[in-house]
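First the structure, in the form of structure tokens, and then the observations on it.
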């Protein structure tokens, strides 16, 4: 994977028209000379493009994980895109759609279905039955139990695992049918030029009686086995897990790549509380094999800097609980209350650990602070990713939220080609693209990273390679900053405003 900034996007939400040509349109946008984003990104993470993209969870509930939704294009278009940028795709490890052919066949025939072993039942995990204590021990990022009662068409009754929603049926990943299903996805990806996959919801994939069913030793074993299979096909693996920060460090030691999900709330904390203490503590210990993000298709993760839910006293977070609560309130205030309408009990797709808001609005639409946040992201070791809404310094989409009543849709705007062209002329977006090009092209970022000493209120980062160097200094209390770098003629400086 190139050490260059990547774009995260839905195919149909960045100038898409769902006319069968969206993938071709996206390729032109990021590669055709004269296009607004030509040559800006080294890679693109395509959010679910499988049939169907408009299910219960915006494509994260695939009916057919090996078919490109024809409204976007086809596999030939994916392969063509891989010729100009690295392409990452999701393997939705934990579940599939209740509308999938496999589940419909199982619903029709029950145990006589050839897919009967593909779906995880309560009995498969608790053959002797589950007590109240057993069920309460299961970790779920949403209220209620991760189970759905189903009566099949032949009259058989089953209790199915549904970690996320009743429309997303959990897969028995250790069953031969489950392994064959996942292996088929990997082979299809490899055949079409995809060289990096994101394991979506993999932390929930393994269930074990008497345990939390989240990121257990058995989960690590499964991830290692699956990653080995992917590597044999020339595919790198990114693990997507929101959890306690120490657990992220443990996970990083076992996989190719992890997300730095602690970074977004820590950056917001630094700007809101005018201190870099928590942020610098994380910078000193964070994994280097990380994809850095400030925003994704999900909300801003709070759990990632909080205490370990299993033992808050013994395992405190990077930020004290009272400051974490205050940070959430300040995000709501910065967004003029819009994020509150999309978060927690106000959102039907309820998440217990995220604030739904565009990152630009979470920073109160302060353009200088927003660009500084991006500079911090780009200066940390790892490969930066920029979400399409964040690239365009997008605002909360209250209309889409109102129509869907899904909290995360506040940060999933559908951009027209005209909107993209117009937003790319905004000064904040032009400067962000300039910053991306600096991160991609300056030789210092291929060298050695140093966290330099600074006051509690300040952050001082440096990259160097031979005679090339780049430095970022931010004083959150004094509201001063500087990004300087070596040039063939001496020294340059990035203009944040």
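Placed from the backbone N, Cα and C atoms, the Cβ positions cover glycine too.
TrEMBL lists 200 with the feature active site, nucleophile. Taken from TrEMBL, the feature active site, proton donor applies to 240. Residues or ranges marked as substrate binding site in TrEMBL: 57, 95, 198, 199, 200, 240, 297, 298, 351, 352, 353, 354, 408. If you look up TrEMBL, you'll see 6-439 marked as domain 'Glycosyl hydrolase family 13 catalytic'.
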How big is the gap, in Å, between the Cα of residue 198 (substrate binding site) and that of residue 240 (active site, proton donor), rounded to a whole number?
7
Listed in sequence order, the residues of the same chain lying six or more positions from residue 353 (substrate binding site) whose CB sits under 8 Å from its CB are 141, 242, 301, 302, 303
Model confidence over the domain 'Glycosyl hydrolase family 13 catalytic' (6-439), as mean pLDDT, sits at 95
Neighbouring CB atoms within 10 angstroms of the CB of residue 297 (substrate binding site), all protein chains considered, total 21
What is the separation, in Å, between the Cα atoms of residue 200 (active site, nucleophile) and residue 240 (active site, proton donor)?
6
Write down the Cα-Cα distance for the residue listed as 'active site, proton donor' and residue 57 (substrate binding site), rounded and given in Å.
16
Neighbouring CB atoms within 10 angstroms of the CB of residue 57 (substrate binding site), all protein chains considered, total 19
Local Cβ density at residue 198 (substrate binding site) - other Cβ atoms counted within 10 Å:
22
Other CB atoms, at most 10 A from the CB of residue 200 (active site, nucleophile)
21
Between residue 297 (substrate binding site) and residue 240 (active site, proton donor), how far is it from one CA atom to the other, in Å?
12
